[in-house]
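Lifted from TrEMBL, the feature list:
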DOMAIN    115-277  domain 'Alpha/beta hydrolase fold-3'
ACT_SITE  S197  active site
DOMAIN    330-389  domain 'Alpha/beta hydrolase fold-3'
ACT_SITE  D357  active site
ACT_SITE  H387  active site
Amino acid sequence: MKLSSVVVTLLLTVGVSYYIYTPLPAAIEEPLKLMLLDALFRAMLQVGDLCQCLGLSHHIPWIRGTISGLETLGEMAGGQRGGVRVSDVDFDRVPVRVYEPPAAGGGEGGLRRAVMFYHGGGWALGATKMGSYDVLCRQMSDELNAVVVSVEYRLAPEVHFPVQYEDCLAAAKHFLEPGILGKLSVDPQRVAVSGDSAGGNLAAAVAQQISVDDSVSVKFSVQALIYPVLQGLDLNTPSHQQNHNIPILHRFIMARFWLLYLGVDTSLHPLLLSPSFLHHPSIPPSLRSHLNWTNLLPAKHIKHYKPVGMEMVSQEVMGQEGNLLPVLLDVRAAPLLAEQGVLGRTPRAYILTCEHDVLRDDGLMYTRRLQDAGVTVSSHHYDDGFHGALSFAHWPFFFDVGKRMIRGYMDWLQENL
């Protein structure tokens, strides 16, 4: 009996270790913590998939509930940052959480700067009240003496593109109205738009639209994008090839989020992961050049990688191209594809990228395209960074690289906003 218990314990230990272990680059300084985080996220996805297969619920609401439970534990363990006034209101029927700093005034005339923030989560997860985002927004409001507006845009699978974008744009237009800025004592010359991951996608797209919309008198003065996802047309860039299995955003998970956002069948994975879209005959060469990473990326990031050749995809899947291609070419979903004339009108930018992130090259290509259009860009690249690190600077993981990202992000806003 004793021996059998030892054997069972040993087998369980080996099994758990095998599930947790993921080969990681040597540059990542806290590999065990990242493996544990990745194992937790993969387990949530797999249990969610099982629930969906059994007809119990869609996997996304289940994952949201699990994350919410973990966030509750975090609040009990770590508490919240005090001193900032928080209110939940609607901006043009879009729920937002407004953070107002404890300090009475700001710059000239007592006006304060402001940040409109869009959270990440693959357009399907995340929330303004989520611990990591709530702590970040409180910190921004306190340290920058800024009004921070965090937008609770609707999520997939309940809604699909372009609803998330439209929610974010509506909230931005409402916030930028002179009367609203005046009521919140905000300096109209010092308003930023920002977001991380999918939120960075929304921030970039909204910044583009606001910049060319002559009906909006107040414009954003800066855009701050944290490891943004900016296109879904080519998931074979060097960073996708290099980091296809690096936590926490594996390449196949990014493809799932794209399909969920666009509201199409997740069985189209093979099509989205193939290079067939990039070489589709209906895409003009001028548009394809906006994604030509052989010209847009520095050699140190291209490394030895080469464009992936055409792959064989089933006729059934190929027949679905017509459902995917129009939205993948829509600049509201893929801000990287915007024309130079639009990019040139957007505000100066901060773009954070991580070496070990499938989205690295999206941010680097956008940096280059903005610079070519005459926009001043501060590119902050973290050689030891991975996707989502900024959100895991707090309980229970406390990643050092995430803390450094927050510090660099805050310092840039302090100096440039």
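From the backbone N, Cα and C atoms, a Cβ is placed for every residue, glycine too.
Predicted automatically and left uncurated, TrEMBL annotations should be read as such.
Feature map: TrEMBL annotations on the structure.
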residue: S197; record: active site; Cβ within 10 Å: 29
residue: D357; record: active site; Cβ within 10 Å: 27
residue: H387; record: active site; Cβ within 10 Å: 27
Predicted model, mean pLDDT over the domain 'Alpha/beta hydrolase fold-3' (330-389):
98
Measuring Cα to Cα, how many angstrom lie between D357 (active site) and H387 (active site)?
5
